[in-house]
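**Student:** Okay, these came from Swiss-Prot:
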BINDING   12, 13, 33, 34, 107, 142, 257, 281, 283  NADPH binding site
BINDING   107, 138, 140, 193, 246, 256, 257, 258  sn-glycerol 3-phosphate binding site
ACT_SITE  193  active site, proton acceptor
C-alpha cells in the first residue's frame with residue numbers, strides 16, 4: 001500500500017512507527033519540534049534522544065516545518081505526550097484540509113478537562129467532522145515495533161469505514177491492526193492501564209510475587225471496565241487489545257516506563273527522584289490524577305487507582321497500598337454499580 005503518513009512527534013513511539021512503516025514501503029514524514037534533532041536525524045539517520053541505536057531509513061522525510069509536514073499527507077498520527085497534545089493540535093488545526101484524518105497515538109486523559117485524546121483533538125480541530133478523528137492503541141512497546149517484532153494494534157474511529165481506512169494504512173506483515181468503533185472504550189482501556197502498571201511495579205519493588213501481580217491486573221481491569229461502562233464504553237472492548245492486551249504488556253514488560261517508575265517507588269525512591277532521572281515520560285503519573293477525578297465524577301469505585309494516587313501524591317508508604325487493598329470489605333467478583341447492571 002502506498003499511503004502517505006505524517007507522524008507528529010519524534011519521541012520513541014513516533015520514531016518507531018516511522019522506522020517500521022518506512023521499511024514496509026510507506027511514504028513517511030516525521031515532524032520533530034527541535035531543529036537540532038532534525039539535523040541529527042538527517043545526517044546520522046539516528047534519533048539522538050530516543051531509540052538511538054535504531055537506524056532511521058533514508059526514505060523517512062524528517063522536518064521541523066509544521067506546514068510542510070501537514071502538507072505531505074492526509075493521514076496525520078499525533079505521537080506526543082498526552083498533556084502536550086492540545087498545544088500541538090492547536091498548531092496543526094489551521095493546516096487541516098477536507099479529507100484529512102487525524103489519529104492520536106498518545107494514551108492519557110487531559111488533567112485540566114478530563115477529556116480523552118480524541119476529545120481534545122475534536123476540541124481543537126473544530127472544523128473537522130467527528131468521524132475524521134480516531135486513535136491507534138494496543139500492546140505495543142516502541143522498541144519492539146522498531147525492531148520489526150510482531151505487534152497488534154486496534155484502530156478506533158466513530159465509523160467502521162474510517163477505522164478500516166486507518167487499519168489499511170498502518171497494517172504491515174509484522175504490524176497487525178484490528179478495527180473497533182468503541183472509541184471511548186479503547187481510550188479508557190489504553191490510558192487507565194498505565195495507572196495499573198505503576199501499581200504492578202510498586203508490587204515488584206516491594207517484593208510481592210506473581211499472585212499479587214495477577215490480583216492487581218485482574219482487579220485493576222475490573223475497575224477500568226466499570227469506569228469505561230459509566231462513560232459509555234462497550235464491556236467487550238476491555239477483553240480486547242486496548243484492554244487486557246495493553247494492560248498485560250504494560251504491567252509485565254521490562255520496557256514499561258510506568259512499571260519501572262512504580263518499581264523504583266517500591267524500592268524507596270521518591271517520585272521527584274525518579275522523574276528527574278528518566279529520559280522519557282511515564283504517562284501514568286498524570287493519568288492517575290485524571291482517572292481518579294473521572295471516577296469521582298462518575299461515582300465509580302476504583303480502589304487500585306485510589307491506592308496508587310495515595311502513594312504518588314499523598315506520601316503513603318508503598319507497603320500500605322496492598323495492605324489497604326487486601327483488607328477492604330468483602331465483594332462479589334463481578335460487581336457493577338446498580339445503574340450499570342443492565343449493561344452487557
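Sequential numbering from 1, following the chain as shown.
Yeah, the Cβs are placed from backbone N, Cα and C, and that goes for glycine too.
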**Student:** Between the binding-site residues 138, 140, 193, 246, 258, which lies closest to residue 283 (NADPH binding site), Cα to Cα?
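**Tutor:** Out of the listed candidates, the nearest Cα belongs to 258.
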**Student:** Residues with Cβ closer than 8 Å to the Cβ of residue 107 (NADPH binding site), same chain and 6+ apart in sequence?
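**Tutor:** Residues satisfying the criterion: 82, 117, 137, 187, 190, 191, 194, 283, 287.
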**Student:** Count the Cβ atoms, other than its own, that fall within 10 Å of the Cβ of residue 257 (NADPH binding site), considering every protein chain shown.
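**Tutor:** Its Cβ has 23 other Cβ atoms within 10 Å.
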**Student:** Residues with Cβ closer than 8 Å to the Cβ of residue 246 (sn-glycerol 3-phosphate binding site), same chain and 6+ apart in sequence?
**Tutor:** 137, 138, 139, 189, 190, 193
**Student:** Between residue 258 (sn-glycerol 3-phosphate binding site) and residue 12 (NADPH binding site), find the distance joining the two CA atoms and give it rounded to the nearest Å.
**Tutor:** 15
**Student:** Of all the binding-site residues given, 33, 193, which residue's CB has the most CB neighbours within 10 A?
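**Tutor:** Of the binding-site residues 33, 193, the highest Cβ count within 10 Å belongs to 193.
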**Student:** Widest Cα span across the sn-glycerol 3-phosphate binders 107, 138, 140, 193, 246, 256, 257, 258, in Å?
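**Tutor:** Maximum Cα-Cα distance: 16 Å.
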